[in-house]
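One structure is given below, encoded as structure tokens.
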Amino acid sequence: MSADPLQATAENGGSRHRRAKLRAQESPRLSSSSLKPASTRRRKITRGFPVWLFWRTWALPLVLMLAFVSAYAFNPTESNLAYHFLFLSYRLESGQYGKGRWDLAFVCFYTIFLSFSREFLVREVLQPLARLGGIRSHAKQARFTEQMYQASYIAFVGPLGVYAMKQTPGLWYFATRGMYESFPNRTHDAVFKFYYLFQTAFWIQQAIVMLLGQEKPRKDFKELIVHHIITIALISLSYRFHFTYIGLAVYITHDISDFFLAVSKSLNYLNHPSQAASFALCIAVWTYLRHYINLRILYSVATEFATVGPYELDWETQQYKCWISQIITFALLAALQALNLFWLYCLCRVAYRFVFLGIAKDDRSEAEESEAEAEGVERRKTLNLESSKAVEEKGEGEGTEAARSGRRTKLRG
């Protein structure tokens, strides 16, 4: 024991310092995540989820699709209600398929499927492809992805429609007499029925895209709305009243011409050297299919509709080929032809400006606002998201700092 009191005091102070240092080393270091209150972490997740969905719009339809698939996987039989959403209903012993209300379930599911496929392809595949192709403008990227999605879709359904027409007796190469000889068209093979209902889902999904404003409005927006109304009316009425052979021919002529138009416009956005040749081919195909073939179909409605096959109204035997349906069919197809003539005029005007003025621009499909305005809208959306995220992070930082202060106060106590 030391006799010097100053030395004893120094030794006691040193020992206290060593004990405090050992306690600090033994106590676990508090991480920043542990200092955050649980409510703050939950708030960050719940607030970040809408932002995640905003940039990944394909996530919600994917979840809905997986829900239907999972429901069917628990009981993979025709007695499962989910079966009617995923597969064709009303299979007959002959191998043909009839019609019924469960066809609406099939259309509903594949509308969701097409919503997913469109958003996924546009966001995850076609936008990077647009940037890779040198398209820097956000407005042009949006237009390019719209056209490329259209071309990708038709590249699948177009050959399927031609195959269905080839396999249907009396219909091959837009034979109009075969559209009426076997009326009513109450049963179809699997390919025909799938094609018709899948196309129905596509046009419903396109109408949803338009209603939600997912595509920037074009200058011919009003005409496009009328086109969608006429198309959906033709689809639903032709399926319900068994005029699907006419509907198949109209589908094919419009799909194939749309494919060449979408490819031509995509090449224009890329400034590809072959854009002039592709546009000339587009006008030729458009004129042949949408006007020559469709005018032949329209003429057959005015003539062969009443003279080939049955011509009477009988609800019990589902005979609907009569003067009433003839007038309705002719009126809808004539309205569709009028819209196609308007768009042909727009295409010819673009061709004239390209040949004589050297201007390769489609006024019909460009939006009213300029690309600078469109990019300004995109920037404002991005800035709003970033500012809201910054506010959230600031609030979380203040909450974390308050939590740290509280922990330090407790440790001191």
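Here the Cβ of each residue, glycine as well, is placed from N, Cα and C on the backbone.
Feature annotations, reproduced from TrEMBL:
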COMPBIAS  28-37  compositional bias 'Polar residues'
COMPBIAS  365-375  compositional bias 'Acidic residues'
COMPBIAS  376-397  compositional bias 'Basic and acidic residues'
DOMAIN    139-356  domain 'TLC'
REGION    1-39  region 'Disordered'
REGION    364-413  region 'Disordered'
TRANSMEM  51-74  transmembrane segment
TRANSMEM  104-121  transmembrane segment
TRANSMEM  153-174  transmembrane segment
TRANSMEM  194-213  transmembrane segment
TRANSMEM  225-252  transmembrane segment
TRANSMEM  327-345  transmembrane segment
Stretch contact, the transmembrane segment (104-121) with the transmembrane segment (194-213), Cβ-Cβ under 8 Å, 3+ pairs: yes
Other parts of the chain folded back onto the transmembrane segment (194-213), taken as Cβ under 8 Å at six or more residues beyond its ends: 88, 103, 106-108, 110-111, 113-115, 118, 153, 157, 160-161, 164, 188, 224-225, 228, 231-232, 235-236, 239, 244, 247-248, 251
Distal contacts, the transmembrane segment (153-174) - CB-CB under 8 A, six or more residues away: 114, 181-182, 189, 191-192, 194-195, 198-199, 202, 245, 248-249, 251-253, 255-256, 258-259, 262, 293, 296-297
Integer average pLDDT (0 to 100) for the domain 'TLC' (139-356): 93
